[in-house]
Amino acid sequence: MSCRNVLITGCSSGIGLALAVHLARDELRRFRVVATMRDLGRRGELETRAGTALGHTLEIRQLDVDCEESVRRCVEAIPQQRVDVLVSNAGRGLVGPLELQSVEAARRLLDTNVLGLLRLVRQVLPDMKRRRSGHVVVMSSVLGLQGLLFNDLYCASKFAVEGFCESLALQALKFGVHISLIEPGPVATEFERKLYEEAATLDLSGLDPETRELFQGFYLPYSREVFAALAQSPAEVAEHTARVITSESPPFRSQTNSLYAPLATLKHADTSGHLPLAAFQRLIFQHDRLFKASLSLLKLLQWRKRRDMDHTKTP
């Protein structure tokens, strides 16, 4: 079985780190992983977790998706510039009332999440098309399918990613190239933790009282409850992504958390868009006790699912 070159961005922590280690330590040695990050000063945890795979099935390189030259240099350093699997994982987050978000912050977000993906794909797609083989795996989000309160700009970036990939997939398949969108819900990572820590310290003095209370008194506590109930570990998302990469017929869309499946179903059930908006509004603002009870049930289901998976893995 041939060894595939896998280029992964955003590997200093979280999902990117977990996936890089998972693939590099593959028992069948099917992958040669090029794990990249913007700041090589943060490579310590990846080196430790990689263990004996470091220098054999895993190498670490610098790559900043915001810089086209950085992307080009990294790909050109790979033997024959051959990328069999590209995993676009690097990204930014942005949470908070729209009135507090600067245009510059929005530019940075879109530059990384949308144009960063564009830079990567532009660099590797021509060779994939020439070889009529390749797989582009993009870390999207369920927030690329459904908007969420106070995540306006982040959702915009992920909606753009989804549209970009859906359009490109039509051409890519003609050349034997697969594109897969991975759509996690909440994931317990350093990225997420820092994002919500920053959100909790925003200066809200310029907001109207009702919006301030909605964000501070409702959204932030609500987010903590959702994360406590539904958050996956980076390892869970990495395992799911690895299954997509090794699939003989990779799916175009793949949600890592089955508890979010009704989200997409509800959205497509009503083309006017009224049904999902009304359902979420009532559930969150009018039936908050039912919502919290539902989270408790979902938390139990998640615990049982993980327990069963752990038992399955136990020899």
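Glycine is no exception: its Cβ is also placed from the backbone N, Cα and C atoms.
Same-chain residues at least 6 positions away in sequence with a Cβ under 8 Å from that of Tyr154 (active site, proton acceptor) are, in sequence order, Gly93, Leu94, Val95, Leu109, Asn113, Leu143. Look at TrEMBL and you will find Tyr154 tagged as active site, proton acceptor.
Cβ neighbour count for Gly14 (NADP(+) binding site) (all protein chains, 10 Å cutoff from its Cβ): 23. TrEMBL lists 10-38, Asp64, Lys158 with the feature NADP(+) binding site.
Neighbour density for Ser141 (substrate binding site): within 10 A of its CB lie 28 other CB atoms from the protein chains shown. Taken from TrEMBL, the feature substrate binding site applies to Ser141.
Residues or ranges marked as domain 'Ketoreductase' in TrEMBL: 4-185.
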Fill in the blank from the handout: Looking at the binding-site residues His22, Arg30, Arg38, the one with the fewest other Cβ atoms inside 10 Å is Arg30
Handout entry: Confidence summary (mean pLDDT) of the domain 'Ketoreductase' (4-185)
Key = 97
Completion exercise
Gly14 (NADP(+) binding site) sits from Ser141 (substrate binding site) (Cα to Cα, rounded, in Å) at a distance of 15
Practice task
Take the Cβ of Asp26 (NADP(+) binding site) and count every other Cβ within 10 Å, whichever protein chain it belongs to.
Solution key: 16
